[in-house]
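A.B. asks: Quick one: this structure, given as C-alpha cells, is what I'll be asking you about.
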Amino acid sequence: MESQQLSQHSPISHGSACASVTSKEVHTNQDPLDVSASKTEECEKASTKANSQQTTTPASSAVPENPHHASPQPASVPPPQNGPYPQQCMMTQNQANPSGWSFYGHPSMIPYTPYQMSPMYFPPGPQSQFPQYPSSVGTPLSTPSPESGNTFTDSSSADSDMTSTKKYVRPPPMLTSPNDFPNWVKTYIKFLQNSNLGGIIPTVNGKPVRQITDDELTFLYNTFQIFAPSQFLPTWVKDILSVDYTDIMKILSKSIEKMQSDTQEANDIVTLANLQYNGSTPADAFETKVTNIIDRLNNNGIHINNKVACQLIMRGLSGEYKFLRYTRHRHLNMTVAELFLDIHAIYEEQQGSRNSKPNYRRNLSDEKNDSRSYTNTTKPKVIARNPQKTNNSKSKTARAHNVSTSNNSPSTDNDSISKSTTEPIQLNNKHDLHLGQELTESTVNHTNHSDDELPGHLLLDSGASRTLIRSAHHIHSASSNPDINVVDAQKRNIPINAIGDLQFHFQDNTKTSIKVLHTPNIAYDLLSLNELAAVDITACFTKNVLERSDGTVLAPIVQYGDFYWVSKRYLLPSNISVPTINNVHTSESTRKYPYPFIHRMLAHANAQTIRYSLKNNTITYFNESDVDWSSAIDYQCPDCLIGKSTKHRHIKGSRLKYQNSYEPFQYLHTDIFGPVHNLPNSAPSYFISFTDETTKFRWVYPLHDRREDSILDVFTTILAFIKNQFQASVLVIQMDRGSEYTNRTLHKFLEKNGITPCYTTTADSRAHGVAERLNRTLLDDCRTQLQCSGLPNYLWFSAIEFSTIVRNSLASPKSKKSARQHAGLAGLDISTLLPFGQPVIVNDHNPNSKIHPRGIPGYALHPSRNSYGYIIYLPSLKKTVDTTNYVILQGKESRLDQFNYDALTFDEDLNRLTASYHSFIASNEIQESNDLNIESDHDFQSDIELHPEQPRNVLSKAVSPTDSTPPSTHTEDSKRVSKTNIRAPREVDPNISESNILPSKKRSSTPQISNIESTGSGGMHKLNVPLLAPMSQSNTHESSHASKSKDFRHSDSYSENETNHTNVPISSTGGTNNKTVPQISDQETEKRIIHRSPSIDASPPENNSSHNIVPIKTPTTVSEQNTEESIIADLPLPDLPPESPTEFPDPFKELPPINSRQTNSSLGGIGDSNAYTTINSKKRSLEDNETEIKVSRDTWNTKNMRSLEPPRSKKRIHLIAAVKAVKSIKPIRTTLRYDEAITYNKDIKEKEKYIEAYHKEVNQLLKMKTWDTDEYYDRKEIDPKRVINSMFIFNKKRDGTHKARFVARGDIQHPDTYDSGMQSNTVHHYALMTSLSLALDNNYYITQLDISSAYLYADIKEELYIRPPPHLGMNDKLIRLKKSLYGLKQSGANWYETIKSYLIQQCGMEEVRGWSCVFKNSQVTICLFVDDMVLFSKNLNSNKRIIEKLKMQYDTKIINLGESDEEIQYDILGLEIKYQRGKYMKLGMENSLTEKIPKLNVPLNPKGRKLSAPGQPGLYIDQDELEIDEDEYKEKVHEMQKLIGLASYVGYKFRFDLLYYINTLAQHILFPSRQVLDMTYELIQFMWDTRDKQLIWHKNKPTKPDNKLVAISDASYGNQPYYKSQIGNIFLLNGKVIGGKSTKASLTCTSTTEAEIHAVSEAIPLLNNLSHLVQELNKKPIIKGLLTDSRSTISIIKSTNEEKFRNRFFGTKAMRLRDEVSGNNLYVYYIETKKNIADVMTKPLPIKTFKLLTNKWIH
C-alpha cells in the first residue's frame, strides 16, 4: 500500500488546507512568554477562514458537551419569575431570539444562568430584544433551516449556495476557571466578530468603532452571562460588575489592554526572531519595521546589539537576498545600517531588471512560435554574489500545507541560471498579472477554488511525493487503481479515482510526462517537485523558474500569496472525460488479470518466479503485461502464510539496541543448567548463571534443586550484590519459559522490585543465545579442568566457578576489553591464581597432639569469594576449606601420594578456618600469622613473658616484687592468677583493623592498679601480684605493666577454697610511694568478672577538691592560681548549690561489669563507671557464665539501671557512620521550576511577579554579557560534553520578593570541562562567630552588603556552551558562555578568585592565613560568603570607603549599614541577630523556624505541653531488623533526611546544646524505625517549643587587656555502637560560646581515659587555629585554656615519662598532646564534672542537669 501525505480539503470541512492546519487555540497552560499577538491574529484569521467555509446540518452543529452548560428546557416549562419584567429575562425564540437563532441549534429557549437567579440580576425591559441581522451575512449562533436539506452541496454550485445559506457561528466555550479568562476573552471577541458585532469591540485606545445599540447591549450582556459563570470570573471582573453589572464593554476594553501590554514585548522578540524577507515588499518598509522593533526592545531594557540583530535579519533573508548570509556572516563589526545598504542595493537592482524585461507572450500559440530563450541582459552588480548557492526546494508551500513528506528527493543546486534567466512573477492578487501574462484555464467543471488559489495554475509542493489534480481534462492513459492509499497531513485518507500521466509541453518545445492521481477531494491542484526532479526538472526559487539541470529554462514560476504556482497552459489536454475515468476499469479490452488470481492459478508460486516464467514464455496463452502486478509486492496470501509458516531468522546484531539503551548491569540474561546425576547429596546438581548485556560480566551460583524458594534466594542475592557493589538497579532480566522462571512467586518478586521479565518466545532458543552459549562454554571448561586435574566429578561446580573467574578477566576480541574492565574493576592478579587442581599442603592449625603432623595434603580449586584465601579440597576429609596457610607443590611427583590420610584426625568444625581472628600476642614474643582467615588456637597468655631472662617454671620469679612485699603473699597471688581465664569479647567490631587491637611489646595479661601520687608524678606502676582490679571510676587507676602468668587454659573459674587476698603493696618504678590494695574476699571475688586492662590507665580518684588544678606549665603557685581564675572567671558555668560531704564507696562494692548492648545507640548514654569490655574465652559456653549472668541481672534489677540491660544474644545491624557535619543530608527544595512558577501556575498575581522576575534576570544576564551574543552555534557542530544544560529556578524569599535565577546543570557537567582542583571557598562559621564576638567586645560597626549576580562578574576560562533561554525560541542553537553562570562546578571558585584579587589589589585587604574568605586590613575586617559580605570596623567611615570601592566594580547593595546606636537587627547567613553596640548580641532563628518547621508535617504539641529537654536518659534505639516495604522505606528515609537536615542546620548555627541528639539520630537516617522517627519528632518538637531561644552574648568586661580562648572537652565512654565513644567540645571566646562539636570517636577506646584523650586531641587543633584567627583580627595578647573533667588525661599530658604506651594509636595521640600543649603556651585545667557544660555534647541528661548546664549561655 502506498502511503501519501498531502494537504487536502476534507469532504466534511470545505475550508482550505492552510486554514485547516493553522487554526489553533492557545491553551490555558501555554507559556505566556511564547504567545505573540501576531501568531494569535494569524491563527484567528485562519480559523475564521475555515469557519466561514463550513456548512453543517442541524444535527452536527452542536457544541461539544460541557458540564457547566445548563440543559435547554422544553418550551412547555414555564420560565422562572425574576425581576420586575415577568418572563422577559428568559428570551424564547418568539420573543428575544433573532430569526433562525436558537441556542446550540435547538429551537428552544435559552437556559438561565446563575446571574439571573442572583439578587444582582435585573433583566432588560420588555422591549429589549436581540438585534436582527441581514440574512446575507448570517446571524449569531444561526443554523440552517431544516428545509435546506443536506448542506454538502455539489462543488459546482457551492458559491451560489453560500449566499443562500445562513452562516453558522460557533459559540465560545464555557469559562471553567478564573485563570482561563484571558484566553476565553479572545474566543468571545472572535464570537462577537463572527456575529457581525466587530464594530462594538473596543480598540486599543479603549473606544469602539461605532456606538452600541440597546439590542446589541442586551445580546452582549446575556451571552456574557451564559458563557462566563460568575464563580469563574477573576476578581477584577467581579469588581467591575459590582459597580455596574451591565458594563461588559469596560471588561472587554480592560482585557484588550491587558493582552496588549502582556504580549507586546514577547511579540517583538518573536517577530524579530522570525523575520522573513525576499524582496516582495519595499526594502524601506522592511527596514522601518526592523528598526522600530529594535528601538522598542532597547527602550524596554532588552538590548539587541548589532551582531545579534544582523544575524536575526540575515537568517530571515531568502531568494536573491539569501547570499548575504554567506558573504556577511564572518564580518564581526557589521552594523544594521550597513546590512540594509546591501539589501537596498539588491532591491533596486531587482526593480531595475524587472522594468527592463520584455513581457511574456500572452497566449500559448504565440509562445510556441517564439523561439527566443529569454536571456537576461547583463547589468553591473552592486555587490558580488556567490554563484554557488544552495537551493531549498522546501519553500513556503510546505509550511503552509503542513505536509510531511514520504519521499524525499535529493535537492539540486538551481539558484543560478547560466546565461539565461527568467525574472520572477509576483502577483498581488489573482487579477494582477506582471509582464502582461494572461492566465487561461480550462472550462472543465471541478471543485471550486479556494480563496487563496490562483486559478489556472498548479501549486508547487515540495512536501508531496505524488501529483494530484482535480480535473480529468489533462489526464492521459487513465486507469483505475483502487489500491493506492493517499493521506493528507492530518492522516486522513483521500479517495483516488484514477491514475494516469500528466504531459507537459514547455516553452523550449520539449515534452515530458509524470504520473498523476485524480481526485476531486482536494483544495488545490498539486504538482510534486519530487516527481519533477525524477524527470530532470527542478524549481529555482531564486529566479522563480522551472529549469533542467543544464540550465535550460522551461517555464516561469508565479508567486501568489504565500505559495508558488506554475501555469496549466503547459499541460496537454486529453479527450478523456470524468465518467470515462470513473469507469475505465470496467472496460474488458483494458482489463488485466489480477495477481491474486494468477497466484492461486499457479500453485501459490511467488511473484518473482511467475514473472520470470512469463518473460521466458514457459507459460503460454498470456503475457507478462496481461497481469496487474501493482499489488504483487504487498500481497499476502493467507493460505501461503498458513501452509508455509516457518521460524523467523535470527537477525545478526539484533541485541545492539539493548546495548545502546541500557547502562551496565541493567539488562541481565539468566539460565539454569542441570541436573548432573550420580553425585553425593552435598554436591550441587544445578547451577544458575547470569550475564550482563553491556559488560558481559558473569555470575554463577550453585543449586541443589530447582524449587521456587531456591531460585528466589539466588535472585535476591544477585540483585542486592549489583545494587551495593555497582550502584546499579536491574531493569530487565531475560530468561526462558521454564517453570522455575514463570512461577508466580518469582513473578511477584520481580514485579515488586520493578524489574521487567523478558521471556523468550515459543521455540526460539536462539533468542536466548547469550545465556545458552555461556553455559556451553562453562561446561566445556569444566570437563577440561576435571580431566586435566583428575579430581572427582562432584567438584564440577568448583571448576565452573574457576572458569567464571578467569572468563571475566579475559578480553573479548570484539570489545578489546575484559568484562571486569567494562565493569570498572581491576584486572585479575595472576599471582593470586593457581592452576585448577594444583597440589598443595595446608597447615593444620589445631592438631590433636603436639607430635601429630602439621600439614595435610590438598588440591587448590579457586580463589575464595568471601575472603583473601583460597578454596582447597582436602581428600582425606572430603571437604573444602578456605585458607591462606598452604604451600604449593611444584610437581605431582611428591610425597602427596605417600601420605596416610586415615592417620590424620582433625577438629570436625573446619568452618573455623574461615573465621576472622586477630591475635593478641605481641610481635616480639610470638611470630604473628599472616593468615587473616584462620583463627589461631594458641592461648595468648601461655607464652607471654614480662622478663624473658626469668625461667618459666619458677612461678615465684614471674614478677620482681619490692623488698617490702611478703613472699607468701606473692606466691599465693601468683598461684591464684595462674587459674584465671581472661576472656575475650564475644564479638569484635568488624571495622577494627588488626593494627588497631594488637598489643605493644610488653602488654600485660592481668589487670593493673596504679598509685595516684606516683601517677601524678609521672610514674608507671607494676602490680606485685595479679590481683583483681577494682572497677570504680573514682578510686581506680590502672597501670601499664603487670606480671606474667602461667598457662590458664585448663582453669575456667576460681577455686572456692582459695585464701583471701591480703593488702598488697605496689611498687612504683617512677615514684617513691607505695600503696596497698584492700583485701578481697572469695565471695566478692566470685561476683567479679575479670576485666582486661585498658591500653591507657583509667581515671584516678576524684575525691579531691574541685579547685584541685593540675597546670601544665610550672610557673609560681600565685601565677598558676591567677591564670586559672582568669580563664574560668567569665565562663558561663553553672552555679552549683553547696553539698554535704559524702563518703566514697568501697571500690570493691562497685557495680560489676555488665555486658551492655553495645550494638545499640543510646540517647541515654552509658556512664563512665558502668560500661566495661568483658573479654571472654571463645571456647566458653553460655552455661559456664550462669553466676555472671545471675549477678548481672540481680544488679541490673536492684540498681534500676535503665541505661543497661543484661547480656543477651543480639544480631548486629551495620549502620552508617556518624556524620560530623551532616553534609549528606538532602535539603528541602524550596525553589520552583519554570513550569511550576509560570506555565502551570494558577495564581495570577504570583505568576505575574515571577514573570517580572524572569525578565529582570534575563536583562541582568544580557547586561553582564553572560554569553556571546554575536554568534549562535549549531548543536551538531559542538562537542556534546561541552554543552551544559540550563534551567530557570524561581524562589520566593523571606522578605516576600520573587526571584528568578538562570542556572546551569552542574550536577551533570562533564569532568573534562572544569578543574577539579579548584575550590569554592566560603567563610567558616567559626570565623563568622569569632568576628561577631570581637565586634561586640570592641564596639565595632557591623555593615551587611550584597553583590547582585556575583558569579557573573567572573570570567570563565573553559569553552562551554549552553542552550539559549526559552523566550528566544532557538532550541536548536547554542551560545557560548563568557561568564561563570550559577550552577557550574567552577563558578564558585572563579568568583572567589575574582573577588579575592579585587579586595587585595584594589581595597588594600589581605586574607587571613588558614581562614578562607576572611580579609582584613588595619581598620576593617570582611567575612565573605559567596555574594554576601559582612564588614566590621571601629569607624563607620572605614566601612563606607570599602563600599565605595566595591561599587566602582560591582553592583553592591547595602542591606544594613549598621550606623544606629540602638538595637539593630540583621539576617546574616540564616542567623537572626539583634545587636546593640557596647551592650549585647543575641543570635537566634525564631522567624525561620516558625516558617520552616510547620512545613515538615510533624505533629506539633500532640499532648498540648512543651518539652523541657530534647531527650531522656536511659532510652536505647532498638536495632532489630526492619520489616518494611521498599516504598515506605524510601519515604521514611526521605522524611528523616528533611528533619535531620533542618535540625543539623540549626544545631551547627547556634543550638549547640542539641548537637548530641542530632549526631546520634543522623547515624540512623537509613534505619527509620518507629522508635527513631518518634525520637526525631521529639527533637523537632523541642526545637519548636524553644524556637524563641537565643544564644546570648554580653560585652566582656575584662580585668586584663587579653583575649581568652577556651575549649571545654568531654567524652562518654562506650555509649555508641561497637564500643565507640561519643566526644564533644565547646569553644568560648571571652566567655561567649562561639561553637560546638559532637561526634562519635573514630577509634574504639578501651577506657574512659582513652576517650577523654581522643576528645582533647580533637579540640586542640581547632583551638590553635582559632587562636591564630583571633590574633590576626585583634592584636591583643591571647590566653588559651583547655578544661577537662579527667584528671588522668591531665596527668598523662603533663607527664615527662618517655615509656611507650601499650596502645600505639592513643600513645601517639598522647605524645602529640604533650608537644602541642608545651609548644603553644596552652593551659590545661581540671573542671568539675557538674560544671562541665560540654557534658551536653556527649550524653542525654536529666531535665534539671540539662537546664543547669545550658541556662547561662542559651535562653
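Positions of Cβ are set from backbone N, Cα and C atoms, glycine also.
The following feature annotations were taken from Swiss-Prot:
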- 1-93: region 'Disordered' (REGION)
- 1-23: compositional bias 'Polar residues' (COMPBIAS)
- 48-60: compositional bias 'Polar residues' (COMPBIAS)
- 126-174: region 'Disordered' (REGION)
- 127-152: compositional bias 'Polar residues' (COMPBIAS)
- 299-401: region 'RNA-binding' (REGION)
- 352-421: region 'Disordered' (REGION)
- Ser416: phosphoserine (MOD_RES)
- 583-640: region 'Integrase-type zinc finger-like' (REGION)
- 956-1087: region 'Disordered' (REGION)
- 1005-1015: compositional bias 'Polar residues' (COMPBIAS)
- 1054-1082: compositional bias 'Polar residues' (COMPBIAS)
- 1092-1111: region 'Disordered' (REGION)
- 1101-1111: compositional bias 'Polar residues' (COMPBIAS)
- 1130-1187: region 'Disordered' (REGION)
- 1178-1212: motif 'Bipartite nuclear localization signal' (MOTIF)
- Asp1346, Asp1427, Asp1428: Mg(2+) 2 binding site (BINDING)
- 1610-1752: domain 'RNase H Ty1/copia-type' (DOMAIN)
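Context for these features, please: burial, neighbours, distances.
C.D. replies: Residue counts of the region 'Integrase-type zinc finger-like' (583-640) by helix, strand and coil are 25 helix, 4 strand, 29 coil (DSSP-based).
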A.B. asks: Return the single residue from the binding-site residues list (Asp1346, Asp1427, Asp1428) that has the minimum number of other CB atoms within 10 Å.
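C.D. replies: Minimum Cβ neighbour count within 10 Å, taken over the binding-site residues Asp1346, Asp1427, Asp1428, occurs at Asp1346.
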A.B. asks: Residues other than Asp1346, Asp1427, Asp1428 within 8 Å, Cβ to Cβ centroid, of the Mg(2+) 2 site?
C.D. replies: Leu1345, Ile1347, Ala1350, Phe1425, Val1426, Met1429, Ile1455
A.B. asks: Based on DSSP, name the secondary structure state of Asp1427 (Mg(2+) 2 binding site): helix, strand or coil.
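C.D. replies: Its secondary structure by DSSP: coil.
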A.B. asks: I'd like the per-state residue tally for the domain 'RNase H Ty1/copia-type' (1610-1752) from DSSP, helix first, then strand, then coil.
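C.D. replies: DSSP composition of the domain 'RNase H Ty1/copia-type' (1610-1752): 69 helix, 38 strand, 36 coil.
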A.B. asks: Any idea what the model's mean pLDDT is for the region 'RNA-binding' (299-401)?
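C.D. replies: A mean pLDDT of 58 is what the predicted model shows over the region 'RNA-binding' (299-401).
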A.B. asks: So, three-state DSSP: helix, strand or coil for Asp1346 (Mg(2+) 2 binding site)?
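C.D. replies: SS state of Asp1346 (Mg(2+) 2 binding site) = strand.
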